[in-house]
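To keep things clear, I will list the structure first and then write my remarks on it.
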2 protein chains.
Amino acid sequence: MKLTILGCYSATPRFDNNPTSQVLEINNHIFLIDCGEGTQVQLRQQKIKFARIKHIFISHLHGDHYFGLIGLISTFRLLKRETDLHIYGPKGIKEVITLQLKLSDSWTNYNLYFHELESSQSELIFEDEKVEVRTIPLKHRIYANGYLFKEKPGERTLDVEAAKILNINKAYYNKLKQGFDIENEHGRLISNEEVTFDPPTPKSYAFCSDTVYKPDIVPIVMNVTAIYHESTFLDKHEHLCEPTKHSTAKQAALIARDANAGTLILGHYSTRYDDLNLFKIEAQRVFDNVELADDGKVFNF
Amino acid sequence: MKLTILGCYSATPRFDNNPTSQVLEINNHIFLIDCGEGTQVQLRQQKIKFARIKHIFISHLHGDHYFGLIGLISTFRLLKRETDLHIYGPKGIKEVITLQLKLSDSWTNYNLYFHELESSQSELIFEDEKVEVRTIPLKHRIYANGYLFKEKPGERTLDVEAAKILNINKAYYNKLKQGFDIENEHGRLISNEEVTFDPPTPKSYAFCSDTVYKPDIVPIVMNVTAIYHESTFLDKHEHLCEPTKHSTAKQAALIARDANAGTLILGHYSTRYDDLNLFKIEAQRVFDNVELADDGKVFNF
C-alpha cells in the first residue's frame, strides 16, 4: 500500500504549497482522493499514470478539495481516455461538473459515472474481490465524508514442502489456499493449518479531512493501518476549531490512539504556522507513531 | 502600458507550462484577461497585487481559459477582499461560478458583478475617464470574444514658459490643457497650439484568443499598439485550423499587418511543437515586429 501526498495545505494554492489531493495505490488500484486546483500538475510531477486512475473520491465541495477536478476530467479527454471514470462525492458534484462540460461543449469520450453521497451513516460505496471502500461521515461546515480503503483478506499461503511430505495431490492446492481442510492421497484428513500460513494482514487507510474532532468515527476506523487526519490548528488555537469546523493535532492523535491506528499522518495545516514540527510534537504527546504530510511525500505501508 | 503573460500554452496545464492568462496594466488599471487553472499561483509568482484587480475578462468557456477563476474568486474571499469585482465573459459564466459558491456555502464578502456577453458585434463593455474596453467578436468552437483595451487621449501638455511669456492668467491653464483657445491678459486671443503640445499617443492592446483567422476583426483593432493573436499551429498544419477553430502564426501576422499593429505577440502554441522560434520565423515573413509570448514574460509599451 503506497500513499502519495500531492497536496496537504489548507486554503489557497501557492507556488510550493498545494491544496488537498492524495493518491492511494492499494491492491493494484490507483485511487485519487480529493483534487484541489493544480492536482493534474502534481500528478505529472509525481509521475502517476493518469490512465490508471479509475476512481476519484471527493470529501466535500470546498474549493481546496475539488477545484482541480474539472480540469483533470478535461485533460483525460484531451489524452483520449476511453476507460470509465467513477467520481464519488457529495450531492451537487454531478451538476457542477456537467454544467462545465456543457458550457464548453466538451463532452468526455469516456464514461463518467457520478456516485453522489448524502447519507450521514458510513456506507460501503465500492467493492471488488480485492478492496472495499466505505465512507467515514465527518462534520464540517458543509456535508463531508472521509473514506476508508481496506484490502480484503488474501488467500492463505501454501507451505508447498509440507503439502508434498503429507502426500497432498496438487489438485487440492487451491482449496487449501482458500482455507479448506482436505484428504491426502492416503485418505487422511489434513487440517488446513498443517499446510498453510495465515495470509498477510490486510492493510487499510483512512482519510479524514475536513472535520471537527468527531470521536464517533473511531469504531469505523478501528485498527486501521494508517490514518490521515486533518490538523488545521495547534491546541493553542483550539477555540478556532468550532467556528471553522476543523481539528487540532492533539485531536487527530486522540482519534488515532482510540482507533488503535498503526500510523497517524497529519496535514491540512493552517498557513499561520511556520514550524510544522510543532504539530508532530503536539500529537506525539498522545500517540507515538506520527508522520507529517508534505507535498510530494510518499508513504509505504 | 505593461503586459505580463501568466500563461500562454494551449490545452492542459503542466509544470512549466500554464494555460492562458494575462495581466494588462494600463492607466492605473490592472485588468486580468482569461484565467486558466493555476492562475492565482502565477499571479503570486509575478507579484501582481491581487487586490488591485477589479475587472476580469474571460474570452470563452473552454477550461484552459477559465478553470482558475473560481479558485481566484474564493481566494479573494479568504484574503478578506472588500472591493467590487467585475467579471466579463460569455453567458453561462454567472451560473457556473454561483453554483460553485452555493455548493461550498461560501459567499463572497465583496460584490461580484457579472457582465455576460452574447452579442456577435463589437460592444463597448467598460469605460471610465481614462480607458475603454471593447469586445472583439471571435470565431471558435464555442462563443468567444477577444478584448480591445484603449487609453483615452490624455490632456494636452502645457508649455508653461510660453504661457508666461504670452501673459496668460494661470486660471486658464486647465482650459488650455483641454484644448481651448483663450484670451491673454491683454485681451489677445491665443490659439491653443501656441502654448500646448499634443498629448502622448493613447496606447491600446488587443487580445485575440481563441479563434480561426477572422479578417473582419481588422477594422476593430486598426492601429493597435500591440496585438496578442493566438497561433496554435504552424502553416504546415493549417488544415487543422478549420476543425479545431484555431489559427496559424502566418494568419496572426496577416491580421497584425492589415491592422497596422505596432507589435504582434504570438501564443497559445500547440504542445506538438518543440521549437517555438518557428512561429516567429513564419510570422515575420508577413509582419516584421513579432514577439513570442512565454509564461512570466513582461512586455512594456
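Cβ atoms here come from the backbone N, Cα and C positions, even for glycine.
Taken verbatim from TrEMBL:
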BINDING   A:HIS60, A:HIS62, A:HIS140, A:ASP210  Zn(2+) 1 binding site
BINDING   A:ASP64, A:HIS65, A:ASP210, A:HIS268  Zn(2+) 2 binding site
ACT_SITE  A:ASP64  active site, proton acceptor
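A map of TrEMBL features onto the structure.
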residue	record	contacts (Cβ under 8 Å, 6+ apart)
A:HIS60	Zn(2+) 1 binding site	A:TYR66, A:GLY89, A:PRO90, A:LEU138, A:HIS140, A:ILE142, A:TYR143, A:ALA144, A:ASN145, A:ASP210
A:HIS62	Zn(2+) 1 binding site	A:HIS140, A:ARG141, A:ILE142, A:ASP210
A:ASP64	Zn(2+) 2 binding site	A:SER10, A:ALA11, A:THR12, A:PRO13, A:PRO19, A:THR20, A:GLY36, A:GLU37
A:HIS65	Zn(2+) 2 binding site	A:PRO19, A:THR20, A:ASP34, A:CYS35, A:GLY36, A:ILE58, A:SER59, A:SER209, A:ASP210
A:HIS268	Zn(2+) 2 binding site	A:CYS8, A:TYR9, A:SER10, A:THR20, A:SER209, A:ASP210, A:GLU230, A:SER231, A:THR232, A:HIS246
Proximity to chain B among binding-site residues A:HIS62, A:HIS65, A:HIS140, A:ASP210, A:HIS268, where any Cβ pair is under 8 Å: A:HIS62
Densest Cβ neighbourhood among A:HIS140, A:ASP210 (binding-site residues), 10 Å radius: A:ASP210
Assigned conformation of A:HIS62 (Zn(2+) 1 binding site) - DSSP reduced to three states: coil
Additional residues surrounding Zn(2+) 1, by Cβ distance to the A:HIS60, A:HIS62, A:HIS140, A:ASP210 centre under 8 Å: A:SER59, A:LEU61, A:HIS65, A:LEU138, A:ARG141, A:ILE142, A:ALA144, A:SER209, A:THR211, A:LYS245
